[in-house]
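Take a look at the structure set out below.
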Amino acid sequence: MDSAPKKKKSVSSKQDKSQAGSVKSKKQQPLGEILEQQNSQHDIQIDDHPQQADPFISQPPQQQIKVCIHHNLPFQFFCEACEDPICQQCTILGPHNTQLHRINRLSDSFKLRCAKIEESIKANLLGKREQLLAQIHRIEYRIEEIKYVKTIIERDARAEFGGVLERLKQSEGQKLAILSHEISELQRDLDKINEVGSQFYDLKEIPDPCPFLLKSRNIYDQIEYMVAKPFKVQIEVYPYDLPRELTELRLQLQRASAQQQLIEFKNEIIWKLLSEKQIDEEAIKQELERQASEEINEWSKLVDKFSMELRKQQLVCYYCGCKMEKQYVNSICVQNRQEQDYDKVFCNEQPPQNHHGTSRHYFADPIL
């Protein structure tokens, strides 16, 4: 009497374990394999006479049939404009009985949206997933490069400077933290993509299409968001700018030795210049004074010469001796008359005979 219930209980427990294992293995499968498995499955058909359940095959949990809140009838159609499942009376009596509402059968809307989201996953989301995986591999390879370069520098600096190693580790930690943050961001996007794919196929397997139709818009928006979301391709953290303080110290010592020799050579040159300056300072001073005196004498002679030339260029009247200025040019010369004797003259050049007695000035070079 008691053995039959125990046997039945063991069979049900095996069924539960097999069901849990199948669900777990399905979640661990890659997204491409899930797509291939889903394409090979047949379409869901609604049958009024369900077949007899096999006791050795786990059956999906029975879903409660959802009905219309307006007419209390099962859903048969789907409004594409409102994105709500409706019954037949909603298309006749309302509120979905106008031309503004695009009505399709529930199964047709399910297949249409399922195909659209599946095509979007294959065309866009899988490519983005591969790009994220490739970027993660590149960053991991860059991390290995940084670690390798760090070990080389650490080997050279370990014997001499402990502080150099400490600063090197800090620089490495900063670079690895930045790259680890980038990996975490990429991994978060990758997990989001896997989550969207798993959510899609979990909803697709439910016999009732209503939950899928209610969440299809959200799934499609998430796909569009993940496809449009950019990610940084360029890795801006490099291993070759890690601090090489030991090499820099050696170069500084070499430069310091060369600079010390240069400073000594400059000091020697400066001392020689100062000595020569003290010796030749008096001679240079005397030479400058001599040259200045000669220059002043030359300028004095030149001034006298130009003064004589300027006096020669000043014209005076032959008769009265007035200078050729604006006020005398057109005036009457009182000394140039016919009865006047021309014993006293002021110019070397004599005027023509017909100019005498005309009461006009005759300007020429003065007698010096």
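Any Cβ shown, glycine's included, is placed from N, Cα and C.
Curation does not apply to TrEMBL; its annotations are automatic.
The compositional bias 'Basic residues' feature in TrEMBL is assigned to 1-11. TrEMBL lists 63-106 with the feature domain 'B box-type'. The region 'Disordered' annotation in TrEMBL covers 1-39.
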Model confidence over the domain 'B box-type' (63-106) (mean pLDDT, whole number): 79
Secondary structure content, the domain 'B box-type' (63-106) (per DSSP, counts of residues): 6 helix, 11 strand, 27 coil
